[in-house]
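Before any comments, here is the structure.
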Amino acid sequence: SQAEDAKTELHKVTKFAENQGTPLLVIANKQDLPKSLPVAEIEKQLALHELIPATTYHVQPACAIIGEGLTEGMDKLYEMILKRRKSLKQKKKR
């Protein structure tokens, strides 16, 4: 299934040393459609809770056709990046 393939690739990519700790934003698009999956189900299908602990993630519901949720998703990604940079700076000071 597409979800299984996405999960496999996502977990593979986040395990690469150069990607560890890199924030992850998942856009749950097409939330305007009746058969769209809720965020909790997407998190479950992608097994996001099983990612290595250093990986922070956010699942953002969106409807790209009207732009809903996209700005919020990018804001959240920016916030996660700032947190990561701050944490890396603190580690370098030690």
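One-based numbering along the chain as shown.
Quick reminder: no glycine exception, Cβ is built from N, Cα and C everywhere.
If you look up TrEMBL, you'll see Asn29, Lys30, Gln31, Asp32 marked as GTP binding site.
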Can you list the residues of the same chain, besides Asn29, Lys30, Gln31, Asp32, whose Cβ falls within 8 Å of the GTP site's Cβ centroid?
Ala28, Leu33, Ser36, Pro61, Ala62, Cys63, Ala64, Ile65
Cβ packing number for Gln31 (GTP binding site), 10 Å threshold:
17
Cβ contacts of Asp32 (GTP binding site) (under 8 Å, same chain, 6 or more positions away):
Cys63, Ile65, Ile66, Glu68
Reduced to three states, what secondary structure does DSSP give Gln31 (GTP binding site)?
coil
Let me check the 10 A CB neighbour count of Lys30 (GTP binding site). How many other CB atoms are there?
14
